[in-house]
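Some notes on the structure that comes next.
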Amino acid sequence: MTEKLGILAIGHGSKLPYNKEVVTQIANYIAQKHSDVVVRAGFMENSEPTLEEAIEGFSGTGVTKISAVPVFLASGVHITKDIPEILSLDKEGCGILEIDGKEVPLCYAKPLGADELIAELVFKRVQESL
């Protein structure tokens, strides 16, 4: 069986539309660069789709495994407690989703964290501000 990866990009959500736009655009960039991957964005609060709705968005896509990646810089309560509970993850950060009547394994990625790519982006923003 051929593997088909799904990516669930998880955003915090906000009453302001810009937060949703940023996370959705990041998901779109991933999808454009990796056309063989199914990418969906979902949000914790104040934005739609919710995580549950985003997971439903994998229906009919044929994904065989999903990576849930929080589009957050650092860990906090949402990362360590809320998202794992919503996704029914075990202590290793893995779980099973039912999509189209099939069990699909789910793995939970780390937040963005401290990374040279983030540092370069910060420096780019500094240069743009000058």
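Here the Cβ of each residue, glycine as well, is placed from N, Cα and C on the backbone.
Owing to the predicted nature of the structure, the values given are computational and were not obtained by experimental measurement.
Swiss-Prot lists His12 with the feature active site, proton acceptor, giving sequence analysis as the kind of evidence. Residues or ranges marked as Co(2+) binding site by Swiss-Prot: His12, His78. Look at Swiss-Prot and you will find His12, His78 tagged as Ni(2+) binding site. What Swiss-Prot records for Glu48, Leu73, Ala74, Ser75, Gly76, Val77, His78 is substrate binding site, and it gives sequence analysis as the kind of evidence.
Structure with Swiss-Prot features highlighted.
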residue	record	DSSP (3 states)
His12	active site, proton acceptor	coil
Glu48	substrate binding site	coil
Leu73	substrate binding site	coil
His78	Co(2+) binding site	helix
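Ala74 (substrate binding site) sits 12 Å from His12 (active site, proton acceptor), taking the Cα positions as reference. Annotation for Glu48 (substrate binding site): spatial neighbours Lys20, criterion Cβ-Cβ under 8 Å with sequence separation of six or more. Its Cβ taken as reference, Leu73 (substrate binding site) is surrounded by 12 other Cβ atoms within 10 Å in the chains shown. Between Val77 (substrate binding site) and the residue listed as 'active site, proton acceptor', the C-alpha separation comes to 11 Å. The CA atom of Leu73 (substrate binding site) is located 11 Å away from the CA atom of His12 (active site, proton acceptor). For Gly76 (substrate binding site) paired with His12 (active site, proton acceptor), the C-alpha to C-alpha distance reads 11 Å. Note: the Cα of His78 (Co(2+) binding site) and the Cα of His12 (active site, proton acceptor) are spaced 8 Å from each other.
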